[in-house]
Amino acid sequence: MASGILVNVKEEVTCPICLELLTQPLSLDCGHSFCQACLTANHKKSTLDKGERSCPVCRVSYQPKNIRPNRHVANIVEKLREVKLSPEGQKVDHCARHGEKLLLFCKEDGKVICWLCERSQEHRGHHTFLTEEVAQKYQVKLQAALEMLRQKQQEAEELEADIREEKASWKTQIQYDKTSVLADFEQLRDILDWEESNELQNLEKEEEDILKSLTKSETEMVQQTQSVRELISDVEHRLQGSVMELLQGVDGIIKRMQNVTLKKPETFPKNQRRVFRAPNLKGMLEVFRELTDVRRYWVDVTVAPNDISYAVISEDMRQVSCPEPQITYGAQGTTYQTYVNFNYCTGILGSQSITSGKHYWEVNVSKKSAWILGVCAGFQPDAMYNIEQNENYQPQYGYWVIGLEEGVKCSAFQDGSFHNPSAPFIVPLSVIICPDRVGVFLDYEACTVSFFNITNHGFLIYKFSHCSFSQPVFPYLNPRKCRVPMTLCSPSS
């Protein structure tokens, strides 16, 4: 009820020109009221004779001087703006401004309006349609847009999941790298600790040897001094005694005095001492980085038994050793121990056939006085002559190997010279520390085979370049005549 009254009041204070609530209302002689702006705009269209103008509603003439502000209507409009319509009047199907039902849709503004809004200045000239006419069309558009948004939502969720997964992956990778860095630097610290301990042991040994020698020299000098002191005392006693005491055995005393020879003690000039040199940390780091890099390609290598090799293989296929010597009985009950007559027949191949990629493995050769290891392109029966002279261990026969003899002689086997191609070119290798563990790195595409001394922090022992890999190659181990086994290390060792 109250809302209906308010609606009627709004109609009374609505400008007939703009159909909005009156703004600065002005009243004419006929009683109609208009917005000041609307009436001013209308003056240009309704001018009559003698300066008179006509009312836009009833066409009754009026004099501009008779126009007066309608304060009463202005107050009503002000109060009306402050009044809120009842909940019934605020329903979404009624215009908040005019209280009329919202039955029209303005295409230009994209709004639902009432019939009074359609006639207002704001929507004049716009294309309007009944809401029922456009509802289905916009429902289809909204449904299509909704499907598109749902697809976008799904894509966004997938992207969110991807970025979350990438974030977790990066976190895992960084954590792994942190662990690797900690492990690497821990290993470097172990290397430095080993170098420090080794150098201190050398200094302690040097101190012990020098002090022992000097102590011996000191003892000899004390004895020598005491002998001279006793001889001086004897001579002084003779000089202070009687003539008989002076002459008794005087020739012997004089001879003893003349034969006195002072033996100079053994000394150790400081300029001849071994000079301590700190390890080359830069070179050590470079070697360490290279070893760390190739160890990323560590493969688990085991050996493959065959009918050619006489090598003894462990059950886990990791250890290879020389067979038991054969007992030969000679004349009169004498016995002789003989080994297999050629080193070739104690060689064994790894079970992995390599035709591409990068591969790394390590072999434990500690306590062995002889061994050969590296890469082999397969056994070559036609190269089994003069095996004792290592003539088959050449790249031309498919061998890229290094070896140890007599516990100290480390060598690499290269192809023979042009004049004597059958005889291998033995390359003596200078190793500061004899390796107890050797790393082998094969880069098939780069045609290289590298050997690392793991015992000496991974320093490079030797590298074969420009290798001709025309067929599959295999890891190769040969324990020679040393019965101590050589062991293929697992990647986790």
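Every residue gets a Cβ built from N, Cα and C, even glycine.
Record features (Swiss-Prot):
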- C95, H98, C117, H123: Zn(2+) binding site (BINDING)
- 131-223: coiled coil (COILED)
- A2: N-acetylalanine (MOD_RES)
- 185-198: region 'Required for interaction with GABARAP and for autophagy' (REGION)
- 15-59: zinc finger (ZN_FING)
- 90-132: zinc finger (ZN_FING)
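Other Cβ atoms within 10 Å of the Cβ of C95 (Zn(2+) binding site), summed over all protein chains shown, number 18. Within 10 Å of the C-beta of H98 (Zn(2+) binding site) we count 22 further C-beta atoms, all protein chains included. Across the zinc finger (15-59), DSSP classifies residues as 11 helix, 10 strand, 24 coil. Residues within less than 8 Å, Cβ to Cβ, of H123 (Zn(2+) binding site) and separated from it by at least 6 positions along the same chain comprise C106, E108, D109, I113, C117. Taken residue by residue with DSSP, C117 (Zn(2+) binding site) is part of a helix. Model confidence over the region 'Required for interaction with GABARAP and for autophagy' (185-198) stands at 78, taken as the mean pLDDT rounded to a whole number. Surrounding the centroid of the Cβ atoms of C95, H98, C117, H123, where the record places Zn(2+), the chain contributes additional residues within 8 Å, namely L19, R97, E100, I113, C114, W115, L116, E118, S120.
In terms of DSSP helix, strand and coil, the region 'Required for interaction with GABARAP and for autophagy' (185-198) has 14 helix, 0 strand, 0 coil.
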